Amino acid sequence: MKVECASNIGFCFGVHRAINILEKTASERGGVETLGALVHNQQVLNRLSGMGVRVVKNIDDISGRTVAISSHGVGPAVLAELKSKGLEIVDTTCPFVKRAQVAAKRFHDAGFFTVIYGDVNHPEVKGILGWAGGNGLATLNPQGLDDIPDLSRYIGVLSQTTQIPTGFTSFVKNVIDQALVKDAEIRIADTLCHDIRDRQAAALELAGRVDLMLVIGGHNSANTRHLLDLCKTVSNTHLIETASELQTDWLKGVSRIGITSGASTDETTISEVCSYLDRLSAGA
């Protein structure tokens, strides 16, 4: 049984940067609170907790004088409230998310209605919507635009950073088809994360060459679920968070296994899965 990892695996640039910032802050101050989970990966959060990093869900739950913003970012109203309380803010927002926030603000300042291709319940998308100044919506269904009777003639379109590129392309085409009948002006910003795009391409290429594909990452991680959906189109694929979730009956008749991971999956977790597979292979 041969095991091969995708060429793009482990922490992405944005997560690696956020963790470095948080580890440094926690080390210097003996701990720090984050507004929302830094990343959607429980193993990483457990390790950070051991360093004195505490997750708070609401601003009112902050007990210290320093708070970290997660890699998913926040909207301007949240930033203003944090500043009004005199809190020192440690911003770990991913630069690619920041770019999407800037695009939304640019649309808003130009008088454009912002349409985000993304999950309206995801913290990243909530933050981006905030920068649209309340003049926007998020949806994964382009037909949702039909529900807005007085849709602006001026429409700006962008994407949640972790979405699948082909999905965003299809979404944009559908929005254009709907908007042109309204004599609209449309602006499109490519806000997809380059790392995620490369990771998806590498995973898809590997999935086409193996009998079984394993995606390692948090079950509530958007970019990890997208990898799962993508790999499933070409190979038998399962999502696992740790080696303990791997089921041996998946391996029956399998000679080649491919491994990829979500952008917030750490090297230790990946190594544990690979080691477990090696032990199973040696005992076969």
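Keep in mind that glycine also has a Cβ here, set from the backbone N, Cα and C atoms.
Quick look at what Swiss-Prot annotates:
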type	residues	note
BINDING	CYS12, CYS94, CYS193	[4Fe-4S] cluster binding site
BINDING	HIS40, HIS72, HIS122, SER221, ASN223, SER264	isopentenyl diphosphate binding site
BINDING	HIS40, HIS72, HIS122, SER221, ASN223, SER264	dimethylallyl diphosphate binding site
BINDING	HIS40, HIS72, HIS122, THR161, SER221, ASN223, SER264	(2E)-4-hydroxy-3-methylbut-2-enyl diphosphate binding site
ACT_SITE	GLU124	active site, proton donor
Exercise. Can you tell me how far the Cα of HIS72 (isopentenyl diphosphate binding site) sits from the Cα of the residue listed as 'active site, proton donor', in Å?
Worked result: 5
Exercise. What recorded positions among CYS12, HIS122, GLU124, SER221, ASN223, SER264 are found with a C-alpha within 10 angstroms of that of THR161 ((2E)-4-hydroxy-3-methylbut-2-enyl diphosphate binding site)?
Worked result: GLU124, ASN223
Exercise. If you take the centroid of the Cβ atoms of CYS12, CYS94, CYS193, the listed [4Fe-4S] cluster site, which other residues of that chain have their Cβ within 8 Å of it?
Worked result: PHE13, GLY14, VAL15, SER71, PRO95, PHE96, VAL97, THR161, THR162, ASP195, ILE196, ALA263
Problem set entry | CB-centroid shell, 8 A cutoff, (2E)-4-hydroxy-3-methylbut-2-enyl diphosphate site HIS40, HIS72, HIS122, THR161, SER221, ASN223, SER264, site residues removed | VAL39, SER71, GLU124, THR162, ALA222, THR224, GLY262, ALA263
For this session: State the three-class DSSP label for CYS193 ([4Fe-4S] cluster binding site), counting H, G and I as helix, E and B as strand, and everything else as coil.
Result: coil
For this session: Any same-chain residues 6+ apart from CYS94 ([4Fe-4S] cluster binding site) with CB under 8 Å of its CB? Would you list them in sequence order, or say none?
Result: GLY14, VAL15, ARG17, ALA18, SER71, HIS72, GLY73, THR161, CYS193
For this session: Take the Cβ of HIS40 (isopentenyl diphosphate binding site) and count every other Cβ within 10 Å, whichever protein chain it belongs to.
Result: 25
Exercise. Non-local Cβ contacts of HIS122 (isopentenyl diphosphate binding site) (under 8 Å, 6 or more apart, same chain)?
Worked result: HIS72, GLN160, ALA222
Seminar exercise, completed: Candidates CYS12, THR161, CYS193 (binding-site residues); min other-Cβ count within 10 Å returns CYS193
Exercise. Could you state the CA-to-CA distance between GLU124 (active site, proton donor) and HIS40 (isopentenyl diphosphate binding site) to the nearest Å?
Worked result: 12
Exercise. List, in sequence order, the same-chain residues at least six positions removed whose CB sits under 8 Å from that of SER264 (isopentenyl diphosphate binding site)?
Worked result: PHE11, CYS12, VAL15, VAL39, HIS40, ASN41, VAL44, GLY217, GLY218, SER221, ASN223, THR224
